[in-house]
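Annotated domain 'Peptidase M12A' per TrEMBL: 51-251, in sequence order. What TrEMBL lists as Zn(2+) binding site is His150, His154, His160. Residues annotated as active site in TrEMBL: Glu151.
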Amino acid sequence: MKAGNSVAQASPSRRLLCRETHPSSPLLVRSDNDPILTEGDIAIGSEDERNANPCTSQDCKWLKNADGKVYVPYYIANHYSDREKAIITRGLESFSSFSCIFFRPTQSGDHEWLSIESNNGCSSFVGRRGGKQVVSLARSGCLYHGTVQHELLHALGFNHEHSRSDRDNHIRVMLQNVQSGKEHNFRKVATLNQGTPYDYNSVMQYRKNAFSKNNQPTMVPIPDPNVSFGNAKEMSHNDKVRLNTLYKCCEC
Ligand SMILES: [Zn+2]
């Protein structure tokens, strides 16, 4: 199966956002006791996977090609209109302008790929799973540039900003305002953060009222409770640095 859109090649002048040092560990290292993420838009394969740790046991990073690029095959379902496909394609293509990630249409012989479909809401697995891997971008509510980037970052192995290991230094989670049964969206994950600071402007940061049951904030910034956050329309500088660091895009 092939998608209709091809990914543009990055221009030679593209500039990567890189840190000066590169930790050798992948981003997503979780302890054996950490449950697999089941936050709002993060998919799980089955109940049995709740306690699995696929990133550490199977390496959920996508593999780098000999040319130093990471090619991630994708297929876009036919039920999208041309306008909707254009939004998705713009999100896919954006990655090659600031990283070594190149999303490309599926080809025969691909063993793993993203299948972008309009299912229930916006959702993605975290990291590479092998085989067909659905990224749901519902036609209603998910077709925004930042949302496309957000779900693709999940597929590349990233968690939500408010799940970061150091989040308690930057946001206070107000569980008393969280809808009953939605508390798992605010679990903390033992992420490695690639030396990047907590970023209120990350495209992976939820809004302050996410999953609120009473219109009161479910997250409050520390130390200044009036700092605005969760309003990113596209990947931030730190999102890009983090991606380039995890995939060692800056190492030739
Ligand atoms: Zn998400």
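Residue 1 is the first one shown; counting continues down the chain.
Placement of Cβ uses the backbone N, Cα and C atoms for every residue, glycine included.
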Fewest-neighbour residue among binding-site residues, criterion Cβ within 10 Å, set His154, His160: His154
Taken over the domain 'Peptidase M12A' (51-251), the model's mean pLDDT: 91
Residues that sit under 8 angstroms from Glu151 (active site) by C-beta distance, when 6+ apart in the chain: Asp41, Cys122, Ser123, Ser124, Val135, Ser136, Leu137, Cys142
Close in space, distant in sequence - His150 (Zn(2+) binding site), Cβ under 8 Å, 6 or more apart: Asp41, Cys122, Val203, Met204
